[in-house]
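Everything on this sheet refers to the single structure shown next.
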Amino acid sequence: MNLELPDAEMGKVVTRFPPEPSGYLHIGHAKAAMLNQHFAQAYKGKMILRFDDTNPSKEKEEFEESIKEDLTLLGINADQVTYTSDHFEKLYQYAIKLIDKGLGYVDDTDVTTMRAERMDGIESKNRNLSVEENLRRFQEMYEGTEFGLSCCLRAKIDMKNLNKALRDPVLYRCNTLPHHRTGDKWNMYPTYDFACPIVDSIEGVTHALRTNEYRDRNAQYDWIINSLELRKVLVWDFSRMNFVYTLLSKRKLQWFVDQGFVSGWNDPRFPTVRGILRRGMTVEALKQYILSQGASKNTVMLEWDKLWALNKAVIDPICPRHTSILKQNIVKANISGGPEVPYANDNMPKHKKNPDVGTKKTWFASIIFIDQNDAKTFGIDEEITLMDWGNAIVKSIHKSDSDPEIVIGLDLQLHLEGDFKKTKKKITWLSDTEEVLEIVLADYDYLINKRKLEENDEVKDYVTEKTEFLTNAIADFNVKQLKKGDIIQFERRGYYILDDDISTVSIPRFNHIPDGKASSMASKAAGGNSDKAAVQIVKKDPSPYTGGGGVVLITADEKE
């Protein structure tokens with residue numbers, strides 16, 4: 001990225017990332033944090049992590065810790081950690097200064113009326129109170145009296161301004177809940193819009209990076225700086241990242257958690273840092289994507305495909321290859337000419353184009369398992385290629401008596417002298433040995449079924465009915481060596497990330513990683529062609545591959 005900050009001097013740039021500790025970081029926060037770190041490092045300056053802890057109703061210490069952890073996951077290390085609450089006393093004194101200058105007044109107008117008056121440009125009945133009366137009222141706010149708790153401090157700017165952010169915004173509001181750092185000391189707290197420019201100036205910030213959704217408030221930011229005669233800070237806008245079928249509002253995401261639609265803030269369907277990393281996004285791809293956007297200030301709805309395609313480019317050259325076979329209607333194939341006794345080759349490459357990835361053990365036997373979807377495409381005497389073994393000729397195909405579309409068995413003749421370049425079908429397979437591991441493959445849909453929710457849309461009206469799709473499978477035993485968070489490719493199936501500690505669960509889950517292709521990015525719900533195999537009705541699986549205790553998913557057709 002070839003970007004320059006205006007009026008930036010090498011070694012003197014100070015940026016800040018000011019999250020509110022009221023939720024988990026999402027992908028939009030990741031962009032802000034990465035840009036702040038990028039410019040601080042590019043100009044050999046420093047980045048401040050400042051917790052904007054001005055609302056005790058929302059903030060929790062657990063969120064503060066989670067934000068620190070998320071930034072560590074993203075490779076972001078602040079040079080200094082501060083809190084807006086460190087400056088509460090100074091902010092209080094600056095509020096008094098505004099009142100003394102006749103630039104602030106204490107208003108007991110109710111919220112509904114105040115909102116309507118600001119919208120219509122009508123001055124409050126309290127706008128022209130004397131300085132002395134405003135100071136008296138502000139003291140009542142400070143003490144938390146009954147009258148004081150009904151008041152707020154407002155800036156006295158311009159109620160007729162076309163920019164409604166300048167129509168006497170609220171600077172202080174009352175809240176008697178204890179603060180997680182200052183306890184019961186304060187009964188009132190500054191708003192973000194009041195505290196941010198003051199603390200930026202006090203802490204030496206040179207460039208305040210903000211998403212352009214705050215653009216209307218930039219004039220308010222400058223007004224506070226100028227009115228209090230503080231050192232100026234340059235505000236630099238960048239575009240907010242909005243993705244299709246995605247919500248970034250903490251309030252709306254909290255609703256999904258509260259309703260039980262997701263397992264938590266780290267759910268793979270969530271756009272939180274933890275969610276997208278759990279889905280298989282890499283920090284390197286995320287960083288490349290964010291920096292590639294450059295200085296764009298255009299607010300657009302972004303597709304996920306480019307981000308996941310970048311991610312594929314990062315993981316494909318280095319992730320090991322493994323094999324998985326779906327258990328539903330799994331096909332057993334007898335191989336004529338196969339080994340009488342199963343044997344293993346310990347030196348099969350995990351990645352044919354990258355020997356540094358290492359080797360794996362592959363078992364060869366005269367009975368193998370093949371996917372139903374592969375087997376049903378075979379014809380008698382057709383020559384196919386068994387990947388990593390060689391060619392075989394289909395000698396007979398056994399169909400189900402109850403459903404002639406279902407293949408229940410195959411007889412193959414090994415034909416190792418055959419030319420794999422001449423076969424159309426390259427098939428994954430696993431030997432019928434104990435060297436297989438039962439797994440679950442998980443795929444996901446978007447949580448909402450509308451590309452973009454409008455301002456008046458109710459989230460509950462656009463919730464996707466089913467967003468998690470689980471498929472039982474078996475995999476080569478090499479995956480037993482994987483650690484939680486390892487990324488692999490199941491050949492001919494896609495990229496996956498191990499979601500469990502494989503040493504503590506009997507059936508580990510692998511989350512599917514989108515690759516950026518249209519088929520993996522389309523909304524299953526919006527497209528109207530949800531995978532029939534995704535109807536989650538569980539039944540006992542009597543097959544020997546699970547010892548009789550596994551589960552499979554019944555297709556919609558089977559249900560009918």
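The backbone N, Cα and C atoms fix where each Cβ goes, glycine too.
Per TrEMBL, the features are:
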type	residues	note
DOMAIN	12-316	domain 'Glutamyl/glutaminyl-tRNA synthetase class Ib catalytic'
DOMAIN	319-404	domain 'Glutamyl/glutaminyl-tRNA synthetase class Ib anti-codon binding'
DOMAIN	426-499	domain 'tRNA synthetases class I (E and Q) anti-codon binding'
With DSSP helix as H/G/I and strand as E/B, how many residues of the domain 'tRNA synthetases class I (E and Q) anti-codon binding' (426-499) fall in helix, strand and coil?
9 helix, 33 strand, 32 coil
What does DSSP give as the helix, strand and coil breakdown of the domain 'Glutamyl/glutaminyl-tRNA synthetase class Ib anti-codon binding' (319-404)?
7 helix, 42 strand, 37 coil
Confidence summary for the domain 'tRNA synthetases class I (E and Q) anti-codon binding' (426-499), mean pLDDT rounded:
96
